[in-house]
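Asks: Quick one: the structure is below, and I'll ask about it shortly.
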Amino acid sequence: MQNSNSFPDWHGTTILAVRKNGSTVIAGDGQVSMGPTVVKGNARKVRRLAGGKVVAGFAGATADAFTLIERLEAKLEQYPDQLARACVDLAKDWRTDRYLRRLEAMLLVADADSIFTVTGVGDVLEPGESTGGGSVAAIGSGGNYALAAAKALIDQDLTAEEIARKAMGIAAEICVYTNGNLTVESL
């Protein structure tokens, strides 16, 4: 769903990407909700793409997200080892195609070098480096909680995966649309 400002509303899930010391991790919770009801607790919202060189997580309508993941895979085949170009091309199509612009989802995509948030309003956002080194990005209803927790932990003596797991745990304690059943993929 979109609000009156044409920015996507944050959907009921949490996806977090953490990059630190050459390691990149994307973690996603497993909860699927329909309104106030939890219908599934172990969904996989994080996937490997491009022969395992790219990881993508999604928030929003599941069918829409799978459509976008398929489109991203096609872009990655068209532009091998060029994640930024594939994401920009996907965002351009998503924004201009009459069918695609109705899709209600967001993607968080990473390879070994970069993290991107891709939205249906044409945004391809790459996070800057955090004050403690490394970078973090998050989407979904619990995204801001996970993002804040990860930023607070980034300068600690923790790996990217440890930061992601701790931050997602904090988000799950705060956001009712996020659970602690995580899928974690590392690059």
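Using N, Cα and C of the backbone, Cβ positions are placed for all residues, glycine too.
Quick paste from Swiss-Prot:
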type     : residues               : note
ACT_SITE : Thr13                  : active site
BINDING  : Ala172, Cys175, Thr178 : Na(+) binding site
Asks: Looking at Cβ-Cβ distances, which residues of the chain lie under 8 angstroms from Thr178 (Na(+) binding site) while being 6 or more apart from it?
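Replies: Residues satisfying the criterion: Gly12, Thr13, Thr14, Asp29, Gln31, Gly140, Ser141, Gly142, Tyr145, Met168, Ala171, Ala172.
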Asks: Compute the mean position of the Cβ atoms of Ala172, Cys175, Thr178, which form the recorded Na(+) site, and then list in sequence order the other residues of that chain whose Cβ is within 8 Å of it.
Replies: Thr14, Asp29, Gln31, Ser141, Gly142, Tyr145, Ala146, Met168, Ala171, Glu173, Ile174, Val176, Tyr177, Asn179, Gly180
Asks: So how many other Cβ atoms are close to Ala172 (Na(+) binding site), meaning within 10 Å of its Cβ?
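Replies: Here the count is 22.
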Asks: What count of other C-beta atoms do you get within 10 angstroms of the C-beta of Thr13 (active site), across all chains shown?
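Replies: Looking across every protein chain shown, the total is 29.
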Asks: Tell me, by DSSP, whether Ala172 (Na(+) binding site) is helix, strand or coil?
Replies: helix
Asks: Restricting to the same chain and to sequence separations of six or more, state which residues have a Cβ under 8 Å from that of Cys175 (Na(+) binding site).
Replies: Thr14, Ser141, Gly142, Tyr145
